[in-house]
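Asks: Got a structure for you, written out below as structure tokens; questions coming shortly.
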Amino acid sequence: MTITLGQSTKNDKDLFDTMDDWLRRDRFLFVGWSGLLLFPCAYFALGGWFTGTTFVTSWYTHGLASSYLEGCNFLTAAVSTPANSLAHSLLLLWGPEAQGDFTRWCKLGGLWTFVALHGAFGLIGFMLRQFELARSVQLRPYNAIAFSAPIAVFVSVFFIYPLGQSGWFFAPSFGVAAIFRFILFFQGFHNWTLNPFHMMGVAGVLGAALLCAIHGATVENTLFEDGDGANTFRAFNPTQSEETYSMVTANRFWSQIFGVAFSNKRWLHFFMLFVPVTGLWMSALGVVGLALNLRAYDFVSQEIRASEDPEFETFYTKNILLNEGIRAWMAAQDQPHENLIFPEEVLPRGNAL
């Protein structure tokens, strides 16, 4: 009997193993299994947005011009939401609304649902990409966990809020000025700035910016491997590859400034992660509340007193009047399908009008 030693020539790999080898191969741009979701969805979302902002009008859904072809610029062009009459239809190209007609589909606002859905799955694919790469190189998954915060905000604003309202019409359109209009709408109809979840979101984002600036400045300040420059700014190279800053010096500095300071890098960086991520999560929860038409803080006693005493006014009562003005002006313009007509005497007029 002859026994052959050595590697078997038989290929025992199945299709899954072959795909896994190719997808996770070490290359310039990692693909991975998450890439099967990320790259097509990101391509279609961006492609749909560029197509819509270049060619597609919003005349049939909002009564607006919204494309470069109609004279808009980068700040005013948008892929706008479908009409309110279409409610929560997915507006599939082959669905009963468009019936396979691409031009009709664009006129109805089909590009908005196309961009929103592919954008959401693209963002989820990017988060899964971070999970997959972290597992491959044996890192913790905190990058992916942090990225869940902007995903939560996107999903709550573009999907959950309009699902709680009468249709996709009340979601933000994809454009700069369109997002600004949506913010004004949120303020006028929901008093969003006085919502505690919005306050937590603002504290998280601005607090994170402050922490980031302080952290970057402190690291630059405490580099101890210097050059031969004549002054502090020339002597330290901000692109120095080695980590040569002094945590002890930084701790002593901030202890003298504030009386307290971070004692180790882990707690410091966890705090820098915690502040913005928690703020964005809280904002997303607040938007879910708005989908259910939950109210912000109401100081009714001040409103009653202001209505009875013409000499009593607070910043709160002034803002409530401002919100009423936003509603009166926006409702007729923003919801033309309702045919709202307000008498001239109820519309707020400023000095410029």
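Backbone N, Cα and C define each Cβ position, glycine as well.
Pulled these from Swiss-Prot:
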- Thr2: phosphothreonine (MOD_RES)
- Thr2: N-acetylthreonine (MOD_RES)
- 41-61: transmembrane segment (TRANSMEM)
- His118: chlorophyll a ChlzD2 binding site (BINDING)
- 125-141: transmembrane segment (TRANSMEM)
- Gln130, Asn143: pheophytin a binding site (BINDING)
- 153-166: transmembrane segment (TRANSMEM)
- His198: chlorophyll a PD2 binding site (BINDING)
- 208-228: transmembrane segment (TRANSMEM)
- His215, Phe262: plastoquinone binding site (BINDING)
- His215, His269: Fe cation binding site (BINDING)
- 279-295: transmembrane segment (TRANSMEM)
Asks: Can you tell me which of 41-61, 153-166, 208-228 gets the most C-beta pairs within less than 8 Å of the transmembrane segment (279-295)?
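Replies: That would be 153-166.
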Asks: For Asn143 (pheophytin a binding site), name the DSSP secondary structure in the helix/strand/coil scheme.
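Replies: In the DSSP reduction, Asn143 (pheophytin a binding site) maps to helix.
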Asks: I need to check the long-range neighbours of the transmembrane segment (41-61): which residues 6 or more away from its ends have a CB within less than 8 Å of a CB in the stretch?
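Replies: For the transmembrane segment (41-61), the sequence-distant neighbours (Cβ-Cβ under 8 Å, at least 6 residues beyond its ends) are 67-70, 72, 77-83, 106-109, 111-112, 114-115, 118-119, 121-122, 125-126, 169, 173-175.
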Asks: Including all protein chains shown, what's the count of other C-beta atoms within 10 A of the C-beta of His198 (chlorophyll a PD2 binding site)?
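Replies: Around His198 (chlorophyll a PD2 binding site), other Cβ atoms within 10 Å: 22.
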Asks: Please work out the number of neighbouring Cβ atoms within 10 Å of the Cβ of Asn143 (pheophytin a binding site), leaving out its own Cβ.
Replies: 15
Asks: Check the binding-site residues His215, Phe262, His269 for other C-beta atoms within 10 angstroms of each C-beta and report the one with the most.
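Replies: The residue with the most neighbouring Cβ atoms within 10 Å is Phe262.
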Asks: CB neighbours of Gln130 (pheophytin a binding site) within 10 A?
Replies: 19
Asks: Distance check, please: Cα of His198 (chlorophyll a PD2 binding site) against Cα of His269 (Fe cation binding site), rounded to an integer number of angstrom.
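Replies: Rounded to the nearest whole number, the Cα-Cα distance is 24 Å.
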Asks: Report the same-chain neighbours of His118 (chlorophyll a ChlzD2 binding site): residues 6+ apart in sequence with Cβ closer than 8 Å to its Cβ, ordered by sequence.
Replies: Cys41, Ala42, Phe44, Ala45, Gly48
Asks: What whole-number Å value do you get for the CA-CA distance of Asn143 (pheophytin a binding site) and Phe262 (plastoquinone binding site)?
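Replies: Counting only the Cα atoms, the answer is 22 Å.
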Asks: For Phe262 (plastoquinone binding site) and Gln130 (pheophytin a binding site), determine the Cα separation and express it in whole Å.
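Replies: So the Cα of Gln130 (pheophytin a binding site) lies 28 Å away from that of Phe262 (plastoquinone binding site).
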Asks: Using DSSP and three states only, what is Phe262 (plastoquinone binding site)?
Replies: coil
